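K.L.:
Take a look at this one; I'll ask things after.
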Amino acid sequence: MAAAVQDSRVNPGGKLKRSPKKKKKMKKVAKAAVSKLEDELKDSSGGEGSCESEMDDSDDGAAEADSEDNVESCEEENEVAAESSAGTNSGWADAMAKILNKKTPKSKPTILTKNKELEKEKEKLKQERLEKRKQIDKKREWEMLCRVKPDVIKDKEAERNLQRIATRGVVQLFNAVQKHQRNVDEKVKEVGGSIRKRAKLMSTVSKKDFISVLRGMDGASENSSAGKSPKARQTEVKSEEGPGWKILRDDFMMGASMKDWDKESEGEEPADGQAGSASH
């Protein structure tokens, strides 16, 4: 056993680099040898002195081996840390060198914080929105200028007067149209059934005739309204509310002229024939 322990000892003078696996194996072997020696010492009672000396020698050897292993492990850890720090430093240095050696175009700034093109675009869009909003507000103010919401309670009489004026104007317009149509119909009857004379008559009819009729009715209505009493005016307004124009009447399409439209056209043909024979 002593020979086995002596063989397991490590020479302190020769420091060799060992792998962590070998170190673990050496520690296990040393512990196993120590445990065997202790068991033998307990069993054997005769050779205590020799066993104790061997135990002391083995303990010293194991302690020396452990100390050497700890020193070597510390050295290896320091070397690994130095290599890792050197690797990170070299990577950082490479990255910085790449950035510093990079050539930037003259149109773009070298410092990225000074590159404020996006901020300028955002500011420009903001200004455009503000200008559009100002234009819209200005347009609304112009549209709402001099607009006043009518008060139903205060402006009741004024609204009634305006309604009366509007109804009078509409009734007067329809009466003027009716009178103008009557005048045209009378002239057509005077002409007779000749199509040429009718066409000539219709060509002479213009807007001025209608406007003159409308103005004449306006003056006549003013004169008549000035000479009438208030009660007569009210009755006139009520009568004017009814449909005075032919088109607004219920029996407009049922008149005699519309029923006999084909007879009139037949009667016109011989008249044209007579006119032609007279010319010959």
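Easy rule for this one: first residue shown is 1, then count along the chain.
Glycine is no exception: its Cβ is also placed from the backbone N, Cα and C atoms.
Since this is a predicted model, take the numbers as computed values, not measurements.
As listed in Swiss-Prot for this protein:
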REGION    1-122  region 'Disordered'
COMPBIAS  15-30  compositional bias 'Basic residues'
COMPBIAS  36-45  compositional bias 'Basic and acidic residues'
COMPBIAS  51-80  compositional bias 'Acidic residues'
MOD_RES   Ser58  phosphoserine
MOD_RES   Ser67  phosphoserine
MOD_RES   Thr104  phosphothreonine
CROSSLNK  Lys108  SUMO2 cross-link
CROSSLNK  Lys179  SUMO2 cross-link
MOD_RES   Ser206  phosphoserine
CROSSLNK  Lys208  SUMO2 cross-link
REGION    217-280  region 'Disordered'
COMPBIAS  233-252  compositional bias 'Basic and acidic residues'
CROSSLNK  Lys238  SUMO2 cross-link
CROSSLNK  Lys238  SUMO1 cross-link
MOD_RES   Ser265  phosphoserine
MOD_RES   Ser279  phosphoserine
K.L.:
Would you mind reading off the Cα separation of Lys179 (SUMO2 cross-link) from Ser206 (phosphoserine), to the nearest angstrom?
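P.N.:
Roughly 14 Å, rounded to the nearest whole number.
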K.L.:
Between the recorded sites Lys179, Lys208, whose Cβ has more other Cβ atoms within 10 Å than any of the rest?
P.N.:
Lys179
K.L.:
Where does Thr104 (phosphothreonine) sit in the DSSP three-state scheme?
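P.N.:
It is coil.
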K.L.:
For Lys179 (SUMO2 cross-link), which DSSP three-state class applies?
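P.N.:
Once the DSSP labels are grouped into three classes, Lys179 (SUMO2 cross-link) ends up as helix.
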K.L.:
Other than its own, how many Cβ atoms are within 10 Å of the Cβ belonging to the residue listed as 'phosphothreonine'?
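P.N.:
Total other Cβ atoms inside 10 Å, all chains included: 9.
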K.L.:
Where does Ser206 (phosphoserine) sit in DSSP terms: helix, strand, or coil?
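P.N.:
For Ser206 (phosphoserine) - judged by DSSP and reduced to three states - the answer is coil.
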K.L.:
Measuring Cα to Cα, how many Å separate Ser206 (phosphoserine) from Thr104 (phosphothreonine)?
P.N.:
82
K.L.:
Can you grab the distance from Thr104 (phosphothreonine) over to Lys208 (SUMO2 cross-link)? Cα atoms, rounded to a whole Å.
P.N.:
82
